[in-house]
Amino acid sequence: MTKSYSESGLMGEPQPQGPPSWTDECLSSQDEEHEADKKEDELEAMNAEEDSLRNGGEEEEEDEDLEEEEEEEEEEEDQKPKRRGPKKKKMTKARLERFKLRRMKANARERNRMHGLNAALDNLRKVVPCYSKTQKLSKIETLRLAKNYIWALSEILRSGKSPDLVSFVQTLCKGLSQPTTNLVAGCLQLNPRTFLPEQNPDMPPHLPTASASFPVHPYSYQSPGLPSPPYGTMDSSHVFHVKPPPHAYSAALEPFFESPLTDCTSPSFDGPLSPPLSINGNFSFKHEPSAEFEKNYAFTMHYPAATLAGPQSHGSIFSSGAAAPRCEIPIDNIMSFDSHSHHERVMSAQLNAIFHD
């Protein structure tokens, strides 16, 4: 009889080992691959760390370099301002010539403009009521006087009445300097102290002004509708020949004469004038007597200038007593000669009173 497998004792006895099977080979190969992959990963990680360290150092160096460059640029900007706009081109000969030509044209335009302005101001100085052969008004004074003159004329046209000379001059001299005011007053034959009392606080208040002592009469000029002399249409030297009517001072001179004064008929303009005389600030002009007047009124007696100074000079004239000749001056003839000014008439009245005493 045959033995069974269990009985043969195979279960208890070790079996001899045979050659490795294909599964073992597969497992061993997989383990090797895993180990190789791990090594490669470790190498890659080490290389990556080394690369990162290297790159980090380079980046830090680059950052430091950039910071240093920025600091240097900021320092340069602080030292030198940054120029804006187009860069300066190189100056060539052609550009220099064009530049000089443009500059010459601009200078010529400015010169012509100033010449035209000065010519217009000269024409304006001839029109405004202020004339002087020795003094020239400044530009600002000329413009101010012209503005006041236009304002005064517009007020006259608006009111339609003949203006008062004092108020007219006050309007003209508003805002002007004292020298210009004196020139305007001299051209209109007025004393600036009479119509500008507020500028002279030392002037006594009891002294009357020109408008209070002598009635102001408007002058009659050839130009109709204008209250001031026609400075633009007439020669400036003729302005000073204009005289007020003789009856303007008759009320003030009547106490010096025995009979009332009569009006004198004479032309509005007289002959040539001698240089002006200044009496108490008033501008008056001495007329040169003609040859006929010298023949008709030739005085044979010559009196010293001190005879008009005071009463102590009277003895030198009348020292001979009753034997001295009495000289009477024909007042009517003198008053009929209209070339005498106000102060000359007063002097003749005083002489007549002395001779009649």
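Cβ coordinates come from backbone N, Cα and C, glycine included.
What Swiss-Prot records for this protein:
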- 1-94: region 'Disordered' (REGION)
- 58-78: compositional bias 'Acidic residues' (COMPBIAS)
- 81-93: compositional bias 'Basic residues' (COMPBIAS)
- 87-93: motif 'Nuclear localization signal' (MOTIF)
- 101-153: domain 'bHLH' (DOMAIN)
- Ser162: phosphoserine (MOD_RES)
- Ser259: phosphoserine (MOD_RES)
- Ser266: phosphoserine (MOD_RES)
- Ser274: phosphoserine (MOD_RES)
- Ser336: phosphoserine (MOD_RES)
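For the domain 'bHLH' (101-153), DSSP puts the residue distribution at 42 helix, 0 strand, 11 coil.
Taken together, the residues of the motif 'Nuclear localization signal' (87-93) have an average pLDDT of 80.
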